[in-house]
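Annotated features, as they stand in Swiss-Prot:
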- 9: N6-acetyllysine (MOD_RES)
- 27-216: domain 'Glutamine amidotransferase type-1' (DOMAIN)
- 104: active site, for GATase activity (ACT_SITE)
- 190: active site, for GATase activity (ACT_SITE)
- 192: active site, for GATase activity (ACT_SITE)
- 244, 245, 246, 247, 248, 249, 250: ATP binding site (BINDING)
- 318: phosphothreonine (MOD_RES)
- 337, 522, 610, 685, 691: XMP binding site (BINDING)
């Protein structure tokens, strides 16, 4: 069988696999096609006590066979199997007698190799769906005939390859294929993520029943491994750790304190001006109780006026650079993160200089986690993962330090929930370990900065589609080309539910002239927000359903919000000019304080994984005839429930969080001067990321 997409590319693949330095008898190899969830697959397999190793997709089949791997899992990825830049792979991986599970892109690869076809269809699936499964298939043994799974793809299997049968469907889309005699299985959905309710059962079926894994692999003590790495890397040098006061940097500092002598650790907390209310003071007090001496630096002025160097343009491939605007005049989320990251490093260098330390003898320690590196496409985590957003602690400058071996990141293979467990093992107090994550750039990335509205040529058509969806029961009586498009993107069951919802409730759905970051089909999306308002009391289950449905039909929408208050008669088509000024930050800081204070008092803080509060440049309720300028802003409450921060769902009022708690937040935030409306984010991840920027 010929090698796919370029034989020469495989001649040098395999590396350590070919020279015999490693042996993986009984282990599972995960071939990385560039999925955002590649490391999650690895983690789920290891949770089932099976050793797993991640290697490039182009690893040759003979190398996999020689090293004794028992089975192969192929991850998802952002490419199309027919794209010119589709990653190279060896099709012999399917014919060496090893059980194979192809996930998402991996399933499409498998189907294509055996003569099936894959097409880009009008329906894009991004979110949680009910699928029907054949539970007589070995992969789905023990499951119900209908299962809840995460789907995130644009391409779909069209013609199923000879020898394979369809074992799962999402409406009329193929969601699973199998060739039981050859032990080849494909899942269009993601069994590795928490949003797939019985994903662990599916992986267990593959590992134990199909591949015959023994389940004898236990991961060595994470704490001891981290301490060993710190000691080996640092030796007698000093380590500078930048403390945000969050779980990650605190656990990182506690590990450094345990691994090294106290005088080797320089703990610095930089108040960047984007902290929450009274945050810096509480950070210093909490860490002093742990015996960690912290140097607090007020650097708000340096951050507000910080700049960085950027490419001349996104299209310019030359090494030419330009100086960015100052941070307090920057609207681009990516530029904001880069400026903040580089300013952090500059201040760290200043601290080293003030303490008369030699830079070449000092390491920079960070509490960077695996999801951070995956989302910013760092080569440490994945050679292929598509960029979703730039993390403030994974900028070009820090990558350079990492290349020089001067950055130490002992938590780089941990996910958030694992860090909490490690923190408890280290003896950290529960109030620190269980606190909600807070991004390093702080409130700076929770302000949607804008000078102009985001309105592209697709705005009118998308707005019309949303009108049809919101009034579907009436729209079906008036034939329209866009109505046919809505029907083509939905199942009969979806249309039935949409009829029911729009018959019972008076809804209004429209685009908001702002954009937020999301993740769709393993790629970054930078798309519109859909707003929904109603004269009725919100039916939250129906709203959540609409939030799942709308991004499937409108691929240029990655987030859906409910707008509290009376129906929005005239959606805003302009924005309030918004930058990172002290007044804007003070408004958001107070809104964040009110919301989190109410959540803590309710006793539900532990049930919500994270709750970003976002300030948007939107001013509602203006009479267009009076030409009143946009001068107010609106707040978004983004509740988020997750086990790994790679995927997650919003807390549904009335289920995961009491309705009265949410309404109390709305009431208190509305009292803040300059606030127009309060919105509630209904979006799961994907298609929306945890943060809005």
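Glycine residues also receive a Cβ, built from the backbone N, Cα and C atoms like all the rest.
What you see is a predicted model, and the numbers here were worked out from it, not measured in a lab.
Distances between the Cα of residue 245 (ATP binding site) and those of the recorded positions 192, 318, 610 are shortest for 610. Residue 610 (XMP binding site) sits 12 Å from residue 246 (ATP binding site), counting Cα to Cα. Around residue 691 (XMP binding site), a 10 Å sphere centred on its CB holds 19 further CB atoms from the protein chains shown. In sequence order, 243, 251, 252, 367, 438 are the same-chain residues whose CB sits within 8 A of the CB centroid of 244, 245, 246, 247, 248, 249, 250, the residues recorded for ATP being left out. Sequence-distant neighbours of residue 250 (ATP binding site) (same chain, six or more apart, CB under 8 Å from its CB) are 243, 287, 290, 367, 423, 428, 432, listed in sequence order. Of all the recorded positions listed here (104, 192, 337), 337 has the Cα closest to the Cα of residue 247 (ATP binding site). Here the candidates are the recorded positions 104, 190, 318, 685, 691, and by Cα distance the one nearest residue 246 (ATP binding site) turns out to be 691.
Taking 104, 192, 244, 318 as the recorded positions under consideration, the smallest Cα distance to residue 337 (XMP binding site) is found for 244. When each of the recorded positions 244, 249, 318, 610 is scored by how many other Cβ atoms sit within 10 Å of its Cβ, 318 comes out lowest.
Taking a C-beta cut-off of under 8 Å and a sequence gap of six or more, residue 248 (ATP binding site) has these contacts in its own chain: 367, 368, 369, 411, 416, 419, 437. Closest to residue 249 (ATP binding site) in space, going by CA atoms and restricting to the recorded positions 190, 192, 318, 685, 691, is 691. Over the domain 'Glutamine amidotransferase type-1' (27-216), the average per-residue pLDDT in this prediction is 92.
Within 10 Å of the Cα of residue 190 (active site, for GATase activity), the following recorded positions from the list 104, 318, 685 place their own Cα: 104.
If you take the Cα of residue 691 (XMP binding site) and the Cα of residue 318 (phosphothreonine), they are about 32 angstrom apart, rounded to a whole number.
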